[in-house]
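Scroll down for the structure; my scribbles are underneath it.
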Amino acid sequence: MSRNIRNVLNMSDLPPQPNFSYELDLQNQGFFHIAGVDEVGRGPLAGPVVTAAVILSKDHSLDGLNDSKKLSVQKRNRLYCEILQSALAISIASICARAIDQSDIRKATLEAMRRCVMGLAVPAHYALIDGRDIPPHLPCPAKALVKGDQRSVSIAAASIVAKVTRDRMMEHAGQVYQGYGLEKHVGYATVAHRAAIAEYGPVIGLHRYSFALIKRYKEDIS
């Protein structure tokens with residue numbers, strides 16, 4: 001039997017907010033260091049995909065953990081600081097736009113997830129992965145949880161770390177590549193971003209040339 005489990009769950013069984021039940025169940029089985037793993041940035045036209053792995057202690061006092069997309073910027077930033085201070089271990093990995101183009105976004109995301117689990121200072125005994133896919137060659141058993149950032153506090157913590165990290169990277173990119181509004185839309189295909197690409201063209205190393213929308217703009221310029 002495979003030690004990796006893909007857990008496709010009914011969306012109607014989502015808890016009101018993420019909880020520690022998956023982690024406690026695994027700890028009762030002898031897996032004490034549970035890493036929650038999540039990604040941010042699969043869909044944007046520009047910038048990296050960023051992943052984070054977070055191991056929380058079971059007596060953590062983080063209040064209001066949830067899927068990063070459901071939090072205000074202020075609350076997300078507060079929780080980000082609290083996670084950095086209280087987590088047993090945190091690891092972050094990113095794959096740049098060029099590398100995404102050389103592979104594909106799914107493979108790049110899984111590779112970034114693998115790297116951040118491998119990079120944990122406290123080795124994970126088990127990994128809870130947000131989504132349907134489990135990265136290959138992990139150093140520990142793993143389970144994939146659909147909507148995991150709404151089920152597991154460890155995955156929710158990872159989603160916050162990945163989101164804040166990527167947003168800050170894109171804010172910096174906005175200072176370097178002015179005129180694209182990256183600090184506002186962080187690379188997503190907003191009307192303003194598409195208009196800027198149409199006017200200035202895509203940027204090598206920033207935009208994902210393997211994405212259909214960028215390909216179309218490139219062909220129009222050519």
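Placement of Cβ uses the backbone N, Cα and C atoms for every residue, glycine included.
Of the residues proposed, D101, D104, D130, the one Swiss-Prot records at the same divalent metal cation site as D38, E39 is D130. Over the domain 'RNase H type-2' (32-222), the average per-residue pLDDT in this prediction is 95. D38 (divalent metal cation binding site): 30 other CB atoms within 10 A of its CB, across all protein chains.
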